[in-house]
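Before I ask anything, here is the structure I am working with.
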Amino acid sequence: MVQIVASITSLFFMLVVTAVFAFVAMKSREKRDYEPIKKKWYKARTFYGTTLVILFLVVTIYTLRELPYDQPVYGEENLPIIVDVEAIQFGWNMSETEFSVGEPIEFHVTSSDVTHGFGIYDEDKNLIAQTQAMPEYTNEVYITFEEPGTYEILCLEYCGLAHHLMIQKIEVK
Amino acid sequence: MSSVVSEEKSRNNLVVSYLTIGGIVILAMMVFGVLMLLAQGGVLEFTPAAFYQFLTIHGTGMVGAAAFAAAGVMWYFLSKYVELSKKIMKINLVLFLVALVMVIIGVFSFEYASAWTFLYPLPAISANAWGVTGALLYLFGMLILGVGFLLLHLDMGRAIIKKYGSLAKGLGWDVISGKKAEKDAPSSTVVASTMVTIVNVTAITAGAIVLIMNIINVINPSFTFDPLLAKNLTFAFGHIFANSIIYMAVIAVYEILSKYTNRPWKANKPFLIAWTMSTAFTLVIYTHHMLMDPVMPKWMLIMGQILSYANGLPVLVITAYGALMIVYKSGIKWDMGSGLIYLSMFGWVVGVVPAIVDATIVVNHVMHNTKWVPGHFHMYMALGACAMIFGFMYYLAKQDSSIKTNKIDKLAFIGYTIGILGISGSFLVSGALSTPRRWATHFPEWMAPANVGAVAGVLAVLSLLVFVIHFVRYLNKRNKVDYKQDDKKLA
Ligand code: HEM
Ligand SMILES: [Cu+2]
Ligand SMILES: [Cu+2]
């Protein structure tokens, strides 16, 4: 979902950039005095720059409202399951690998050797959450699975020659 | 008079050597890029060890060679304004070659494969994939490379301070504050070079510290360091050093476009403020590489997003806008040099888009370390920075000799554009499909974009081959002319 929004947004602005560069290239062979062009373009730049700053501000505020770092507020009856995850060249030690739909889960992720990446993939192989698995530190991922199925943990930080084989299945019922 | 000419000639000789080496290394590294894509696409099969060695050499070689060539570009133009040491330029060349050899031996003879980020403590803990020798060859090689660049930047800093009084004045702060008139502002070349000096001295210092930490840890694993500190230093180094490439190479854009269009590209106040912003932001936004490290102070990560957005402003509002304005209705005569330069600005700006999107924390949460990341930086590096370098190579050849370009060069221009857009686009598609980066093999559903990328990669390789051949032909011409002139002098 996030990926789709990100891709479409990127594609849109990349096409805008392409159109602008193509337009200017097309108009490049005509020859006009520079001074009037400068005057006009500088005026336009003030508008363009301001628009851009406002756009960035709006997007910033909008996207910073909820961050994956924030621990959810749990109700009395709905305390999270804490799962200890330890990455090790080249596998995952997890205190639990079977979960239920709707229960809040906290993965507490660390590593016993080098840095790995803890990436949770759904059945369609979409990345839905991740954090770094670092030696000496514990990073937390908060997640509540909404669909049953077989999910997979893939390693998302290069950690040695079997990096791409660090895969662990987890079941959500 | 003749001594002035030969002085310039020998300066150009150095620049030409930088570009030749840079061009050839980039070409060679592209071949490894294609091989990696073919492996990921399931077309070729080789061992994971080979794949990760290719990954390591490709990343290291590309960043190193592009930085090296870009330094040549910067040096060429900066030496028109300040007095730079040729000796130091030569020392950097020698150190670069030494480093290159060490890295190649470390990677291919001793199977060292930590990727170019050598993230602590991976160099020491390889699960027996490589040993101490390979790691030390690589790490010391990088250290030597850093020393060479450090000397070069210190010399530039010295020369700028000597001529302009201080680095602050090199950035035009006295003009920004109104003490000095806009018309007396330092040239855009000097401003950019000052910026690069500041950020790269910082980058190399951070890099040297973390390299030495790794070296100590490799030699004696009982000496350990804080992995989070090491990570911060690594990305501070890697982000800044890789980004400095485009800030060095963009000098060619300023100089060449203003010359071709006969329009001045003066450093006015907004320009100077933009470069000061770039200096500050480039130094601090490396934290966007650590958005998936929630143990970092939260404010640093939030600043990582905000400042990464802000870092887009100087290029989007000043540099790119300036390039468009100077070209618009200028009656410019397009050739390979100006064409590649214009293309490079497009590459830079178009690559900024997915970069900014990925610097958004909620997006990064599901795109960090997917192929989205190489997607944006191949635009920025291969279509941006490298096109600046190649454009400069065509420009120099034209300035310096009677060499002509032909149809094949033009075809190569189109091939390069399509090739790199194809590679970057296929990476972005892979990233949108959640394909992890740095994976020796892909699941079947992830293979197709890799193969599209490989085909585009072949096109890019062939096109660059044409660029390089043109440059070598120019070198031949240039040397022949040399002899003739020398003969005349003797007679
Ligand atoms: C024909 C052109 C090229 C091809 C086919 C190519 C291909 C690749 C591939 C397959 C990867 C690994 C992607 C992954 O993580 O799975 C990669 C990574 C990379 N490439 Fe390229 N590339 C090309 C040109 C360039 C250029 C011109 C530069 C820079 C000047 C560059 C810089 C890098 C860097 C820095 C990495 C990251 C290495 C790492 O993850 O450790 N590439 N490239
Ligand atoms: Cu791992
Ligand atoms: Cu891994």
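Placement of Cβ uses the backbone N, Cα and C atoms for every residue, glycine included.
Whatever TrEMBL says is automated annotation, not expert-curated.
Straight out of TrEMBL:
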- B:12-39: transmembrane segment (TRANSMEM)
- B:18-491: domain 'Cytochrome oxidase subunit I profile' (DOMAIN)
- B:51-78: transmembrane segment (TRANSMEM)
- B:90-110: transmembrane segment (TRANSMEM)
- B:130-154: transmembrane segment (TRANSMEM)
- B:189-216: transmembrane segment (TRANSMEM)
- B:236-257: transmembrane segment (TRANSMEM)
- B:269-286: transmembrane segment (TRANSMEM)
- B:306-328: transmembrane segment (TRANSMEM)
- B:340-357: transmembrane segment (TRANSMEM)
- B:377-397: transmembrane segment (TRANSMEM)
- B:413-433: transmembrane segment (TRANSMEM)
- B:453-475: transmembrane segment (TRANSMEM)
Hey, would you say the transmembrane segment (B:377-397) packs against the transmembrane segment (B:189-216), going by three or more CB pairs under 8 A that are 6+ residues apart?
no
With pairs closer than 6 in sequence left out, are the transmembrane segment (B:189-216) and the transmembrane segment (B:90-110) joined by 3 or more CB pairs under 8 Å?
no
Quick one: do the transmembrane segment (B:269-286) and the transmembrane segment (B:413-433) have at least 3 Cβ pairs under 8 Å, skipping pairs fewer than 6 apart in sequence?
no
At a C-beta cut-off of under 8 Å, are there same-chain residues at least 6 beyond the transmembrane segment (B:453-475) that contact it? List them, or none.
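Those are 16, 19-20, 23-24, 26-27, 30-31, 33-34, 37-38, 41, 43, 336, 382, 390, 393-394, 396-397, 400-401, 403, 405, 408-409, 411-413, 415-416, 418-423, 425-427, 430, in sequence order.
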The domain 'Cytochrome oxidase subunit I profile' (B:18-491): mean pLDDT?
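Mean per-residue confidence for the domain 'Cytochrome oxidase subunit I profile' (B:18-491): 94 out of 100.
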Mind pulling out the one from B:51-78, B:236-257, B:413-433 with the most Cβ pairs under 8 angstroms to the transmembrane segment (B:189-216)?
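The stretch I would name here is B:236-257.
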